[in-house]
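Worksheet: one structure, shown below.
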Amino acid sequence: MPHSEITRSLFDQVMVPNYAPLDMIPVRGEGSRLWDQKDNEYIDLTAGIAVNALGHAHPELVNALTEQAQKVWHVSNIYTNEPALGLAQKIVDNTFAEKVFFANSGAEANEAALKLARRVAFDKYGEDKSEIIAFYQGFHGRTFFTVTAGGQSSYSDGFGPKPANITHLEYNDLAALEKAISDKTCAVILEPLQGEGGVLPITPEFAQGVRALCDKHNALMILDEVQTGMGRTGELFAYMALDIVPDVVTSAKALGAGFPIAAMLTKTDLAAHFVVGSHGTTFGGNPLACAVAGKAFDLINDQKLLDGVKQKEQLIRKHLQLINDEFSVFKEVRGKGLLLGAVLNEQYQDQAKAFFLESAQQGLLVLVAGANVLRFAPALNISDDLIEQAMLKLKQAVKNVVNQDTE
Ligand SMILES: Cc1ncc(COP(=O)(O)O)c(C=O)c1O
């Protein structure tokens, strides 16, 4: 089919309508810039929703992929493979983890984590210990188990009977957790910063309190770092700044820096409950994915890059403040590292989409997190110069929305 026949309207003809993509179709990227079919240029502050941590078409990642592509693409888990073992070794050497399970998406990594927690509890304490505690506004993926653990029932309603025994509580409310948790709880699952739920940071007291209560009740602390992991908050993983050691951490998104891969990280004694045949996936640990992720791991696990994330956070915050001084649109800017949310004030309630669409008109790609939050999750190596250019475009977009509002 010639390029000219592939348009956004084709999406409506041939794709399941569960997404509502923009009209423009990106065809090419380089670093933090993207071009569409008409060669319009955009600055990308989305990084594919916190995925392309090193920007588009990073030459070293392209090399890693093409080199592996000449060797072996897929062998299944009947065999192991060198890129998977190499990546697992790097993860074990640089985190709390002693064992790694590879999957293909964040949801699958969390599915594995929840199943592991249930299995550990079943093996050690019997079937009554099966309660999972999760939090409102949390997001853990779209498999039926993970979406039910997520904190918005509207995402899990309407699909028939839900996986049972999942309790939801207010995030950052330690007293509520203390009241709810019991010896029947097998796991507490949470994000160290709720991304999709509105870019809500955790308090260190809550993180440490969850750890202590999980210890008290022999429950696993599962930290969903699908969005925060791999440098996003300025640490390799966000838990590293919280003074806790979780039992399980899940990673995806930036792990492959744009190539689909996910991982569940855990300890040897827990991993031992996933005996041969108890869990699995065809594609998990795929050599192409692991070759790219191995190279991405080396590039992201670099103190200079991680320090840069913190410095770029300040630069973006400074510009958001300046924009707000002029136009009074944000109530607060929250988040950590390069996962930042600008929360709209009362006057612009529920209008995040308008800012998002007007930004795209200005050649700037940003994200929303719910109806009230503009979310920024650029590549971790975006240049300061490009941030400055992006903020000029954002300023223009904000100005246009504010003017439309007052017309
Ligand atoms: C914290 C968190 N967990 C899990 C997921 C699900 O990941 P995936 O879409 O790769 O299944 C997401 C996706 O946005 C996420 O942000």
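FYI, residue positions are counted from 1 along the chain as it appears here.
Any Cβ shown, glycine's included, is placed from N, Cα and C.
Site annotation (TrEMBL): pyridoxal 5'-phosphate is bound by Gly106, Ala107, Asp224, Glu225, Val226, Gln227, Thr282, and the candidate from Phe139, Phe159, Phe327, Phe330 recorded at this site is Phe139. Under the DSSP three-state reduction, Val226 (pyridoxal 5'-phosphate binding site) is assigned to coil, being neither helix nor strand. For the recorded positions Arg142, Lys253, Thr281, a Cα-Cα cutoff of 10 angstroms around Gly106 (pyridoxal 5'-phosphate binding site) retains Arg142, Lys253. Listed recorded positions near Glu225 (pyridoxal 5'-phosphate binding site): Lys253 (candidates Arg142, Lys253, Thr281; Cα-Cα distance within 10 Å).
When the binding-site residues Phe139, Asp224, Val226, Gln227, Thr281, Thr282 are checked against ligand 1, Phe139, Asp224, Val226, Gln227 have a Cβ within less than 6 Å of one of its atoms. In the structure shown, the C-beta of Val226 has more C-beta neighbours within 10 angstroms than that of any other entry among the binding-site residues Ala107, Val226. Gly106 (pyridoxal 5'-phosphate binding site) carries a helical DSSP state (H, G or I).
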